[in-house]
Amino acid sequence: MENSKVPLHLCHVHKLSNFINRTHILVHSIALVFLISYRASFFFQHPKTKATTLPWLLVFASEVLLAFEWLLSQSFRWRTVSRTVFPERLPEDDKLPPIDVFICTADPEKEPTVGVMNTVLSAMAMDYPPEKLHVYLSDDAGAAVTLNGMREAWRYGIKCTAPEAYFSAGEDDGDENGGFGGSEFVQEKEHIKEKYEAFKKSVTENARIGDTRCNSRRDHSAVIEVIQETSSDNADAIQANEAKNKPLLIYVSREKRPSQPHHFKAGALNVLLRESAVISNSPYILGLDCDMHCHDASSARQAMCFHLDPKISHSLAFVQFPQNFCNISNNDIYDSQLRSAFKVLWKGYDGLGGPCVCGTGYYIKRVSLCESSISEAGDAMKLRQCFGPSNEFIKSLRQINKPDRMFVQRNNAQPNETQLLASCAYEDGTKWGKEVGFLYGSVVEDYFTGFHLHCKGWISVYCDPKRPQFLGSGTTNLDDFLVQGTRWSSGLVDVAISKFNPLIYGPFKMPTFLHSMCYAELALFPIFYFLSLWGFATIPQLCLLNGIPLYPQVSNTYFIVFSFIFLSSHSKHLYEVLATGSTFRHWVNEQRIWMMKSVTSHLYGSVDAFMKKLGMREASFFPTNKVDDVEQLKRYNMGVFDFQTSRLFLVPMVALVILNMASFVVGIARGIFVGELDKMKDKGSIPLSVTLVSALVSLIFYFFGSIIFM
Ligand SMILES: O=c1ccn([C@@H]2O[C@H](COP(=O)(O)OP(=O)(O)O[C@H]3O[C@H](CO)[C@@H](O)[C@H](O)[C@H]3O)[C@@H](O)[C@H]2O)c(=O)[nH]1
Ligand SMILES: [Mn+2]
């Protein structure tokens, strides 16, 4: 930097909203203390019948759990910040560090090759010196169609960020020329479009010819290919590419064998970490999912505003951009955009030490993933125990200790070395996945890896510029949405019930307790939500049916406490929704989907995590479907709920709706016909304990029934 006094980025603390948040925390907490004291006092009061103690206990437990969850989530509201970057102040191109881009794909059927190639092309078209970009695609399916797609992508050399999104009708992001400059470039645009159509055709044809190796997805040897015009060996390809001044493009399909665990995406990323180390070994890595393309070409430069800031770069592990989606409808009935996470929570996370890794759209420093106390000592024996047997890889470690290395070094890695590094037995007995690379402890490898980085003292930064840097495809039907939610819940709860529970492990490792609270909230919310919402969805209703009072009468002063808590939490949520530019209707959508997810995804995810812990189930990662069903998409865009999902998800929701409607009707009828509610428990009614037990039995019945019949 010429003038180190001019900052590359600025951090703004949101003083007003922090003030509002903190005041709300204070007032709401006081109300919760009153609520808890009201409930607690019940147990010391007048003679109670056994029948009423149980529902009181259950509803009290739900309230305490939800209150605790609320308290944890306030850590995200304590100190919210946002950032501005000044990429124009970056040093000259020749002083920028090289970047390796990692893209993962796992299933050519669920993740159509054209979509994956759009991501690849968008990464190659980034506004960054091309000789400093190296794009790696990990193909977990080892599919010929993907490898061919890469070759075609290279051959057509379409330089356009995300052609599909760009050429498809209805492009609406305000930049009419999609980065091509003025209207005089219309011709150029037509030319590129033609090229793109030809490219698409050849990829689709390849897919049609068929990938017969479907059953070999879990059983195939490694293929590593540096893409170039005529296929010969990799060393030639690297030299040929250098001459062309194009980003390097590398296809990696790691070896997979049924007998060896492959650790899903984290396993794939670790193979990329090793392969890239012996090929380009760039100090920075951009991680992308195959369904998330670079929408704005400047993200790399924006990220470098943080990485190249001498004040923070020594401790900065990664810069995280939000996930934005290009297929969100106006109504967004399922909250597919994950508004709360990326518009509210992450800004507060950032104010406390940084967000976790979000799996895609992050620029991470290679050293932060491959650091080890022994790598400095240089004891070859120990290094091998930690990083595995490849000498080439260990040699690469010495270079990354100088993270701001600007020169590009493309090595002619030997085929036997690259094969070794992608072999499925490579990690046996090493620290890969445990201390080195992306960690295997959870299927939400991103969250878990981020947590460990923060525990080791690294910080991260959240950068959410106006123009979305990355655009992906979100889940737009209920089934995909709930399946994805179940996977996330399961992975998060894995961490909550391990020795890495952020509330226990975090405080000793992280600089602030509030930051551990953020991590703890994410790990624990599925458990808290499913337990408390099941409580709230059944206990008061059963009590109403049986005429058991659970809440204070209107004349009681505690009635104000309950009403206040209800209003306070709902209005705070509404305020956040409106303040982040969403609508009242979106607030309704979020409330609704929160309840639906809590009684299904969060429940099943938590149960799945406990079963894995007990050894009753194996970990799994079913990639989200990225092929749009035309009918379902239509319904989503019209804002119509699509209940085409499995019985596992439907049964609890339907059962609860029936219970709630029945108790509502009975409650109203009683209010009208019998008058005072609390006087009406007659001797002839079914005892509450019986109702409770039968409700429980029928739920268990439903639950196992739907597992068995699925
Ligand atoms: O065995 C696997 C499974 C998945 N993937 C890839 O992982 C990515 C994410 O998978 P996706 O099915 O799109 O899952 P999402 O739920 O949309 O992903 C979110 O959640 C994941 C953790 O569950 C994170 O890894 C992702 O970055 C985050 O976007 C995709 O590129 C997949 O191809 C693999 O490479 N190997
Ligand atoms: Mn995805």
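Glycine is treated like the rest: Cβ placed from N, Cα and C.
Just so it is clear, the model here is predicted, and its values are computed rather than measured.
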Which of these, Asp140, Asp219, Asp296, does TrEMBL say binds UDP-alpha-D-glucose at the same site as Lys110, Glu111? Asp140
Quick check for the class: what is the C-alpha distance, in angstrom and rounded, between Lys265 (Mn(2+) binding site) and Asp140 (active site)? 9
Expected list for ligand 2 (Cβ under 6 angstroms, recorded positions Lys110, Glu111, Asp140, Lys265, Asp446) reads none
Near the transmembrane segment (518-537) in space but 6 or more residues beyond its ends, with Cβ under 8 Å, are 58-59, 61-63, 65-66, 68-69, 72-73, 75-76, 345, 348-349, 352, 356, 447, 451, 454, 488-489, 492-493, 495-496, 501-503, 506, 510, 594-595, 597-599, 601-603, 605-606, 656, 659-660
Recorded positions compared (Asp289, Asp446) - highest count of Cβ atoms within 10 Å: Asp289
Can you name the residues of this chain that are 6 or more positions from Asp140 (active site) yet have a C-beta less than 8 Å from its C-beta? Cys104, Thr105, Ala106, Asp107, Arg217, Ser253, Arg254, Lys256, His262, Ala268
Local Cβ density at Lys265 (Mn(2+) binding site) - other Cβ atoms counted within 10 Å: 22
